[in-house]
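Visitor: I have a structure I would like to understand better, so I am pasting it below and will then ask my questions one at a time.
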């Protein structure tokens with residue numbers, strides 16, 4: 001009897017809750033809403049509309065809107081990085097517009113090269129670029145070799161960190177600049193440190209400067225659709241026994257405000273010519289942080305001294321990955337045509353025939369950055385691999401048994 005009384009006591013509460021739950025879901029089930037819920041919703045919408053008009057009157061038109069009507073919901077605009085492999089690692093085909101990007105790594109790893117390639121790609125699309133040279137070390141000849149139009153590149157060599165960030169803010173607020181590169185965060189020296197003497201302690205001065213600047217810049221960047229690239233250096237933490245002792249300069253604010261963080265490291269020296277001299281470096285770019293796509297992807301790029309990122313090497317690797325160019329032994333084949341024996345000859349073919357290279361690049365980008373087609377390609381590849389594994393599973397089992405027998409025999413010999 002007590003159970004029945006408890007059940008009846010809960011019934012009004014359940015009915016009241018289910019009225020709103022069923023009312024919210026009845027649109028999809030029955031196509032109608034409970035009149036009482038509909039009346040309450042209309043009253044809320046009237047109050048919200050009055051509040052929205054008041055907000056727009058006080059703060060300007062567009063201060064409050066529905067997400068579906070906002071440009072953010074329509075996709076992210078990007079500027080290519082200059083390498084199709086890095087575009088794939090970034091997940092959306094390039095650097096996102098209106099965001100902060102951080103590129104960091106050891107010395108001579110290719111950080112400035114990546115930034116200059118981004119400037120070159122922005123200029124190819126008719127964009128305006130600016131370079132804040134805080135290190136006072138930009139090489140215009142090298143920038144020109146990378147494809148940067150130095151005649152149209154705006155450059156500033158500020159005297160201190162405050163001046164550099166003020167110039168950056170003015171450029172962003174103008175809304176006319178598509179990409180700004182600051183090279184580097186470590187060289188953004190605060191005014192107080194410059195006016196002081198050598199040996200003076202300025203604890204956290206640069207970190208506070210960066211934190212204040214990023215708070216001001218983040219919102220303006222989103223409205224102006226400007227890409228802001230910070231190049232940063234690494235330092236070693238003192239007394240770290242476990243974990244990674246490396247850290248970046250300028251405090252932790254940039255780590256939080258950056259939508260994309262790229263770690264660049266040199267992994268190999270490229271040798272060539274008759275004397276096998278060093279002609280470049282092979283670097284690995286790791287997407288440490290990514291707010292617009294899945295992070296922790298990697299891309300291995302070839303950076304040639306005096307020329308920058310080898311686009312032919314990136315395109316060849318991407319085409320092989322997408323099965324547009326097949327590698328059989330030492331030969332590279334595109335369709336039914338052999339394009340070269342060995343990697344260097346295949347790269348030379350792409351450089352000699354730019355029209356063919358453009359066709360291959362278009363096919364690669366369609367596969368990498370078209371979700372529907374890439375999923376279909378993955379599904380077909382998955383079916384093929386399943387069929388191959390099913391056919392070859394019986395042939396592989398005896399080999400596995402023999403290898404297990406060999407391993408057991410070796411272990412027995414080791415014991416005695």
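Cβ atoms here come from the backbone N, Cα and C positions, even for glycine.
Remember, predicted model here, so these are calculated numbers, not experimental data.
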Visitor: With the ranges 1-35, 36-70 to choose from, which does TrEMBL describe as region 'Disordered'?
Guide: 1-35
Visitor: Per-residue pLDDT averaged over the domain 'RecA family profile 1' (75-234) comes to what?
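Guide: Summing pLDDT over the domain 'RecA family profile 1' (75-234) and dividing by its length gives 95.
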Visitor: Which secondary structure state does DSSP assign to residue 107 (ATP binding site), in the simple three-class scheme?
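Guide: Assignment for residue 107 (ATP binding site) reads coil.
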Visitor: Using DSSP, would you call residue 112 (ATP binding site) helix, strand or coil?
Guide: helix
Visitor: DSSP helix, strand and coil counts for the domain 'RecA family profile 2' (239-310)?
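Guide: The breakdown for the domain 'RecA family profile 2' (239-310) reads 5 helix, 39 strand, 28 coil.
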